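Remarks on the structure that follows.
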Amino acid sequence: MNRGLHQPDEFRDNCGFGLIAHMEGQASHDLLKTAIESLTCMTHRGGIAADGKTGDGCGLLLKMPESFMREVAREALGVELGERFAVGSIFLPDDDAREAQGRETLEAELTKRGLNVLGWREVPVDPSVCGPMALDCLPRIRQLFVEPGEETGDTFDVDLFMARRHAEQALRDEEDFYVCSLSPEVVSYKGLVMPVDLPAFYHDLGDTRLETAICVFHQRFSTNTAPRWPLAQPFRLLAHNGEINTIQANRGWANSRKENFTSERLPDIAELDEIVNTTGSDSSSMDNMLEVLLTGGMDLHRAVRMMVPPAWQNVEIMDGDLRAFYEYNSMHAEPWDGPAGVVMTDGRQAVCMLDRNGLRPARWVITRNGYITLASEIGTYDYRPEDVVAKGRVGPGQILAVDTETGEVLHTEDIDSRLKSAYPYKRWLKQEASYLESALTELARFQNMDADTLAVQQKMFQISFEERDQILRPLAESGQEGVGSMGDDTPMAVLSTKQRLLTDYFRQKFAQVTNPAIDPLREAIVMSLESCIGAELNVFKATPEHAHRLILTTPVLSPRKFTALVTQEDPAFASQTLSLAYDPETTGLKDALQALCAEAEKAARGDKVLLVLSDANLEKGQLPIHAALAVGAVHHHLGRLALRPRVNLIVETGYARDAHQMAVLFGVGATAVYPWLAYQVMADMHRTGELVGNPADARENYRKGLQKGLFKILSKMGISTLASYRGSQLFEAVGLASEVMDMCFTGMASRIEGTGFAELQLQQELLAKDAWKPRKSISHGGLMKYVHGHEYHAYNPDVIKALQEAVQEGDYTKWKKFAALVNERDPATIRDLLRLKPAETPVPLEEVEPVENLLPRFDSAGMSLGALSPEAHEALAQAMNETGGRSNSGEGGEDPVRYGTIRSSKIKQIASGRFGVTPAYLANAEVLQIKVAQGAKPGEGGQLPGGKVNELIARLRYAVPGVTLISPPPHHDIYSIEDLAQLIFDLKQVNPDAQVSVKLVSEPGIGTIATGVAKAYADLITVSGYDGGTAASPLTSIKHAGSPWELGLPEVHQALRINGLRDKIRLQTDGGLKTGLDVIKAAILGAESFGFGTAPMVALGCKYLRICHLNNCATGVATQHQVLRDEHFRGTVDMVKHYFRFIAEEVRELMAMLGVRQLTDLIGRTDLLEAIEGVTPSQRRLDLSPLMTNDFVPAEAPQFCQVDRNVPHDPGAKNQEVLAAMKTAIEQKSGGEFEFAITNCDRSVGALASGTIAKRYGEAGLEDAPVTARFRGVAGQSFGVWNARGLHLYLEGDANDYVGKGMNGGRVVIVPPRESRFESHKTAIIGNTCLYGATGGKLFASGTAGERFGVRNSGAQAVIEGAGDHCCEYMTGGLVAVLGETGVNFGAGMTGGFAYVLDEDRTFVDKYNHELVEIHRVNTEAMEAHRRHLREVIEEFVAETGSQRGRDILEDFSDFIRHFWLVKPKAASLASLLDQSRRQPE
């Protein structure tokens, strides 16, 4: 067993991808050259290893070049290939004996199936173009030629598939044996080289005889730097850009469905150990699954639409027959959910498809020579504008295919209409499927439990008064989860000295960097909790029986629905109840679980379909098996036996009351849950008067609240459907022993051992002892707020009082008292179980580096002006500046009057809401921090209630006073690692002097993400613990999301050292740090910088009342309420300065004791720590060695950062050229016009000039002496990003994603090339997420935009000719006019600004999001002013772009005006709209 938190084989990957095909199937060498050119133009989307030369992998998958293969077979083997043949492209070990074994095994399997092996060809390669790391692991690359035998007939591809799979199985321990492709239709060329070197490496690719008609290409960006040759893409059918979030569930389900994958073509597939691989990349598993479906005889289009369906459950405008097709498919396979741009070919068709959220870009062009090219970016190869026949993009849930045999280009509608009419799906569903209805019998009526029995159950299942009041009451009253503030300062379950629920061990995972979270409120259209009841059937057959299922709209059952479900008379839904009660006198917990699994297996083999796992009706002397243990154990046991798809697991439990507890059950495999105890407790609360109203309504509200909570937990991980989440185990178990994990939660992370079956049983026995004592009342709780004598809180009244006394008086002896309270407490965090080893001879204190050297290592954590009062925010900034540390502005912008003064924050934060992020804000920072996640609520957005948005905050955030401000869960320009690299590049261009920091939250796998961040050229990484604070967050997030920094920090430190990147990047940690001892331990675990959030607030007077979210903070620290601030804020700059000086003093004393003079000598020195025995049985079973040792880390690897900045590979040459040309015009304010050529490799163009202007002239920019730049060509990503006032950019050509992102002024104008022949309003001209977070300026584009145009726009004016989904999302200001079609979900979360939308086909009413906006016609008399305004807007647009579409509208204005809608927030008055738009000029 290898020790350590980071394993080198862990990775995530994202990339650039594409395909090119000749529509008539004409093969040519030119097509191949064009593909390689396109691939090379996306080099910036890939990654480069630490050696600067090894790529993360790129490759090509070609339609079989028949004539070339016949010639090389003749030359190399002296054989004439017959009519049908296959070529294998194979990596073999670089060792004679191992190579021979690989060859012989594969040949034997092929021969066994009656195929003729003709021989092997050595593929000519040039290793000199490889980097050192690629050379190190370079395999022997061979091609194998095979022909069908006499008997083979039409099963040639099946025989090749089965032979290869059997060979792989036989060679599973030989990791250097890999079959890239083995097919009669396609052949693969891939490897660990840079795209530009691919044709030099493979001589075949430079051979003009090699001609093909289809080529799929891919360029990889992996988060680790130990790339492997087999992981390069494309795989055998597809190349995938994105990340399958539900991969563990998809793999588990696929492998348990063996019997459902047998078909006439695949009769013996059940012989395989695995249907899809369970290790390796998610994309390769997806490729395996697709390959099984196609080999089994399924049509390519149906297979991919089944694996990655579009959103269909909530789309009102979807055709009924098409919905039936998706519903029917969903009954037998769950979606592979997550960001996915997929390109694939089977040798005849070339196909591209996007996931339901459309989170990867895909742009296509058809040219006159018959080529169709599709790629992550437009402009990846050089064509003349006049040769373009059509261009467009693939949107969310869309698919595009080219059939090279018939020459057809098939769009989404064409493919969907073929699929939906293949079988009478709608009729079958009508006849066979039914929604579960409530049972109306007397038996089904809810029966209240008597008070005495209920008291026993509440004690046994650990329900406290606090849970009744804080969790169940808000759910029952309003259908909302309880909200709290501050962080979680209680011990984790494994460290607690009290009995804690098993679900408290589980920490929710969340998406960060490599994939985005989703907004479950504003994007509900893609979310679904629908579940199917009934046994799954064979996927290759289509019959009415396949539709014979019961459908649950929600998986949390009401009493009546539960009764209806378990009393079905239909044998297809036969049920059996399995009791979870066991007698501890005769059996232990582990034996009880084994017996339960055996019982479940017997029921499944006996044709029972519903297995009801129940802990209701416990009797005295019995203990309940925890529902999560039971579900996990049964799910895995039946999965291993391939029985799981035959049954549904229904859980009747007292252990699931809140959304987190439910999510744990679904995550480990439950189908539906009936929370019997929660319903009984709510009935009791009605009896006691804690709840008023109708009990049935309370139960209904409770279920609604749980559904919202479940959506939030799914969406944190970027998952849309419960069907995909079920069994995905997206948790980390902190502190559960391997025996528990192996039996019940196989494959879930648990890294430090801990509580085993014996300890779990012991805790239950203690609970049972009290439960049956009538005099023992139920517990008060104390998990949310401090209750004397209950759970320990790190910020208890004694600690707060001691800290405030020390800093108010500036008394170091009082500080010692505070430090002792924290440092000498019983273990409450993981670091409390680590003790320092004093040196034999301490160092004299005067030899230790002085306080002044240590203070610059301390930062205050990001807290926005909005969450904090202005007084508190400025006091923090001033104190940090005076001590030499750095304060962080948080995500609410900063008042420009503070720039350049002692009250300015050196760290400026860029969060998902982009509030107040202007060029001047960015230019006035020493560090730019990208806040990817927040410790208290990772994977979630934020919300500043309207009550806190006063005049000042509205001005700083470019919003309207009194209107709620929403920040989205993800950054809409970070859906993947290469997107983050782009944002870092944008920031380094606008402010080349600043360092860029990325804030992450601890979770398993954060090491791989951090190496990706380092490879994306960040300068700093902050690792936050789960216990960070927040101004407002759902209680389930505060308590259950994210992991401790003590696990995340050493994992990142180890990962960076293993990957040779630790010397390039600074590491910081934050979350619950209070004393000098915390700093010392963090340094030893790998940090060189330290962040403090809550403690400085407490130093300023915060009393930790946890009411920040209510805006009535009693100490004036976290409120905008003027009276509270004036009368109660007592904080001073000195209090904060005392706090940080005292920490530094304590750090020095401890360094002296350890015999260390410089803090840098401490970093990573885990030999100075030792683990101590804990005080509880669970604590004693913990194994903290993975934090301290990693067997993969090279001993000589640096322990800390050794460079000033991590310089990007791309110097941004175009920006240098633009700035050099304009320098004089900017410095002398002399104006001017300049011309430049541009390509898609020129990214963030304009940013360097804008940053220079903002630094020199502030927000005003060059308004009085504007400068114009004109470009021709195709612009790379982020054209016009952070555009300053007075800078005008004109582009003739196309642009990619993020045009005008964060612009603050000036103009960005984009028009099609003069020679183009297509209609602009039907053609994409700019990419996704344009104008994100813009605060001013004007954008005109004569063409359509992609997804999320104008997301978080708070002041820019824009006119475009069409838009994708989610246009104007979260908009708070400005104007958007769309002169053409829009996608769905227009105006979701829009609280300011307004839009004009042309709706010629009258579908807009179904496309806008009705929650916050309303629409008005513009052609009425009352709207005369708006009509005039709209006309002026279009006239200006035509004057700037010459748009034909605009001209047509103006010429027939009286007719077109009838089709326009005005879209505005419900909260805004019509009269005020025009005043606002006129107030915000350029």
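From the backbone N, Cα and C atoms, a Cβ is placed for every residue, glycine too.
Taken verbatim from Swiss-Prot:
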type	residues	note
ACT_SITE	Cys15	active site, nucleophile
DOMAIN	15-405	domain 'Glutamine amidotransferase type-2'
BINDING	1049-1101	FMN binding site
BINDING	Cys1102, Cys1108, Cys1113	[3Fe-4S] cluster binding site
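This view paints the features noted in Swiss-Prot onto the structure.
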residue	record	Cβ contacts under 8 Å, 6 or more apart
Cys15	active site, nucleophile	Arg45, Gly46, Asp56, His218, Gln219, Arg220, Phe221, Gln233, Ala239, Asn241, Ser376, Glu978
Leu1056	FMN binding site	Gly1007, Ala1010, Thr1011, Ala1014, Arg1062, Ile1065, Leu1067
Asp1063	FMN binding site	Pro1198, Phe1200, Cys1201, Gln1202, Val1203
Asp1070	FMN binding site	Asp859, Ala861, Gly935, Thr1022, Val1023, Ser1024, Gly1025, Gly1028, Trp1045, Phe1090, Gly1091, Phe1092, Gly1093
Leu1077	FMN binding site	Ala819, Val822, Asn823, Leu836, Glu1146, Leu1150
Ile1084	FMN binding site	Leu1162, Ile1163, Gly1164, Arg1165, Thr1166, Leu1168, Leu1169
Val1098	FMN binding site	Tyr795, Ile800, Leu803, Gln804, Tyr1104
Cys1102	[3Fe-4S] cluster binding site	Thr1094, Cys1113, Thr1115, Val1117, Ala1118
For the binding-site residues Cys1108, Cys1113, the one whose C-beta sees the most other C-beta atoms within 10 angstroms: Cys1113
Proximal but sequence-remote residues of the same chain as Leu1049 (FMN binding site) (Cβ under 8 Å, at least 6 apart): Ser1002, Val1023, Leu1067, Thr1069, Ala1082, Leu1085, Gly1086, Ala1087
Three-state secondary structure, which DSSP defines for Leu1077 (FMN binding site): helix
CB-centroid shell, 8 A cutoff, [3Fe-4S] cluster site Cys1102, Cys1108, Cys1113, site residues removed: Ser485, Met486, Met1097, Lys1103, Leu1105, Ile1107, Ala1114, Thr1115, Val1117, Ala1118, Thr1119
Cβ neighbour count (within 10 Å, all chains shown) around Gly1091 (FMN binding site): 25
DSSP-derived class (H/G/I helix, E/B strand, else coil) of Cys1102 ([3Fe-4S] cluster binding site): coil
Coarse DSSP state, helix versus strand versus coil, of Cys1113 ([3Fe-4S] cluster binding site): coil
Taken over the domain 'Glutamine amidotransferase type-2' (15-405), the model's mean pLDDT: 93
